[in-house]
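K.L.:
Below, the features straight out of TrEMBL:
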type     : residues : note
REGION   : 1-31     : region 'Disordered'
COMPBIAS : 17-26    : compositional bias 'Gly residues'
DOMAIN   : 43-303   : domain 'Protein kinase'
BINDING  : 72       : ATP binding site
REGION   : 356-382  : region 'Disordered'
Ligand SMILES: Nc1ncnc2c1ncn2[C@@H]1O[C@H](COP(=O)(O)OP(=O)(O)O)[C@@H](O)[C@H]1O
Ligand SMILES: [Mg+2]
């Protein structure tokens, strides 16, 4: 999209022309996919923009306006519905890939959901840095990129959504131009973090243990860990943890992540500011409850005063270029680490609930088990 800025406005919904004008309600509202054929509105091309685990992303063109768009095809399932709902809820937020239309169609006699998005023609974050050649990538630029990704996460967390799959392949640029905007996409693992009735105390007595009040912190802390890994790679070109074995995730790598074993080796890190290293340490804390929250991250001087971050030239572009044969492995490793983390954190949350011996919670559990009219009667804090 032309002339787009970081503070792009939410498009006028229901505008008479152009993609996305299907009368869908604005941000946060409940929306329904269109039931007629996507091909009535869009001309699909054979060009594959991306192949993911869940399906294909194809290039397509809006028939009336000619606008180039991207179409993600998902077979219908509760998981696919969730992806659409979460992405729809986030669409229009800052640095989030915008949804233009959603269709529910039959394809080879299977029900499908088709997400039409703005086409991110600039490609992936690290490809752009790798392609820079001689022009050095600086610490200040890294800080600006981290602020942009942080802005997207801050918006999601404020909407009670944890993305849980923030990684290089899901960070795309709008165009190849200099003023391109970096955006986050792929809500396939996003999770609502609002507490359910059992987790939400009617009152918030001061004696309730923090983990009972905030198990949703685990889901959000996945995103904070991702920010730490991405920031680390931005500053040097290689990841903080790697597997060493060619496996996507080895026992050794898992252990190093768990123990927080990583360093800031020279020469790549010798000129990087202490502020940046400190921020990485706070994001890669092994105990998820100790990691920075997104608000704390956005308030850190390295982010919040990124305009005065030193313009130190980094080794990143060179290292990415030299290690390009290993980049697919780096991506696979991050994918596996996130998958492991999601499972681990889902389990801690269940355990937390089971073992928490909170008087108020137990009373409400009993009440719910006994088919009481509503465990959350009188609770409006959902
Ligand atoms: N809006 C888009 N514009 C251009 N390419 C896209 C777009 N959305 C996704 N892609 C490409 O397709 C890939 C897979 O899409 P994604 O939504 O991440 O699906 P998956 O859930 O399969 O990972 C992305 O990594 C990217 O390369
Ligand atoms: Mg993806």
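Every residue, even glycine, has its Cβ placed from backbone N, Cα and C.
Unlike curated records, TrEMBL annotations are generated automatically.
How buried are these features, and what lies next to them?
P.N.:
Within the model, the domain 'Protein kinase' (43-303) carries an average pLDDT of 91.
Neighbour list (residue 72 (ATP binding site), Cβ cut-off 8 Å, at least 6 residues apart, same chain): 55, 56, 57, 114, 115, 117. According to DSSP, residue 72 (ATP binding site) is assigned to a strand segment.
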